[in-house]
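According to TrEMBL:
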DOMAIN    49-298  domain 'G-protein coupled receptors family 1 profile'
TRANSMEM  33-56  transmembrane segment
TRANSMEM  68-86  transmembrane segment
TRANSMEM  106-128  transmembrane segment
TRANSMEM  149-166  transmembrane segment
TRANSMEM  212-234  transmembrane segment
Amino acid sequence: MDSILSIMMLTSNQTMVTEFVLEGFSEHPSLRFLLIGCFLTLYTVALIGNIVIIALVISSTGLHSPMYFFLCNLATMDIVCTSSVLPKALLGLVSEENTISFKGCMAQLFFLVWSLSSELLLLTVMAYDRYVAICHPLHYSSRMSPHMCGALALGVWSICALNASINTGLMTRLSFCGPKVITHFFCEIPPLLLLSCSPTYVNSIMTLVADAFYGGINFFLTLLSYGCIIASILRMRSAEGKQKAFSTCSSHLIVVCVYYSSVFCAYVSPASSYSPERSKVTSVLYSVLSPTLNPLIYTLRNKDVKLALGRLLSSFSH
């Protein structure tokens with residue numbers, strides 16, 4: 001009875017957190033202006049690059065194919081990802097105190113989880129698209145029909161929105177009664193769980209399930225697709241055919257390597273070994289650098305995109 005009363009008294013004395021303080025990069029004040037310049041440049045390049053990709057795919061009939069349709073979806077999610085993180089991070093670097101309301105934090109968490117999980121699924125779908133194009137070229141038009149592509153894209157957006165809703169909903173059910181400093185430059189699941197004063201068992205289980213599905217199963221399916229692609233390319237007799245086949249998937253392979261390496265470093269580790277410094281660095285890779293590099297990689301290494309970009313620029317010059 002005494003223990004129950006003491007718990008009730010402790011609960012009544014706790015003040016629920018209505019806003020959080022994002023630590024950001026406050027521990028490195030000497031890097032403040034450098035980070036502002038870098039983040040502002042990267043955000044601008046990411047926005048312009050991905051908007052250009054979307055505009056090219058929509059306006060150029062030569063890019064109306066499944067590969068570029070999914071690239072357009074990837075560019076859209078890149079914009080959502082960077083826009084959910086960088087504006088607030090830049091505001092925190094400019095101002096002395098970087099606070100975010102509880103609702104604002106949950107909204108940021110939702111859009112971040114939605115965009116990150118969507119990108120992982122889209123990369124898997126794009127790997128499957130390349131697999132069908134190279135390993136089953138005669139069946140490509142039937143397997144990757146416009147209806148099928150639309151269904152795959154809708155499935156990706158819906159499944160990942162559901163995943164984000166579940167993880168965000170579970171986070172809103174937790175109690176936060178102080179401290180309220182998030183050791184990150186945006187609201188992320190691991191540092192938020194460390195601040196909770198209520199049990200986080202269900203949240204941890206759901207996070208592990210999501211990590212296993214998006215990080216594990218999708219990574220395996222992507223590797224499987226590329227294993228079949230490489231085997232099919234090696235069986236080709238023509239050197240020109242090999243080069244053409246490899247060039248169609250090299251850009252996507254680079255993006256996959258960059259993205260998965262940063263995501264694995266950030267998320268595939270036990271909660272007990274969570275390191276704020278390491279998490280910030282890896283988070284910059286997948287939430288800032290990867291969305292900035294994606295349009296550059298696809299533009300610089302893809303002849304079709306470069307031709308469409310040239311036509312678009314020439315139309316503006318005239």
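Positions of Cβ are set from backbone N, Cα and C atoms, glycine also.
Keep in mind that this is a model prediction, so the values were computed, not measured.
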**Message:** Does the transmembrane segment (68-86) come close to the transmembrane segment (149-166), meaning at least 3 CB pairs under 8 Å for residues 6 or more apart?
**Reply:** yes
**Most Cβ pairs under 8 Å with the transmembrane segment (106-128), selected from 33-56, 68-86, 212-234** = 68-86
**Request:** With a Cβ cut-off under 8 Å, give me the same-chain residues at least six positions beyond the ends of the transmembrane segment (68-86) that come close to it.
**Result:** 39, 42-43, 46-47, 49-51, 53-54, 57-58, 108, 111-112, 114-116, 118-119, 122-123, 125-126, 129, 149, 152-153, 156-157, 185-186, 283, 287-288, 290-292, 294-295, 298, 304-305
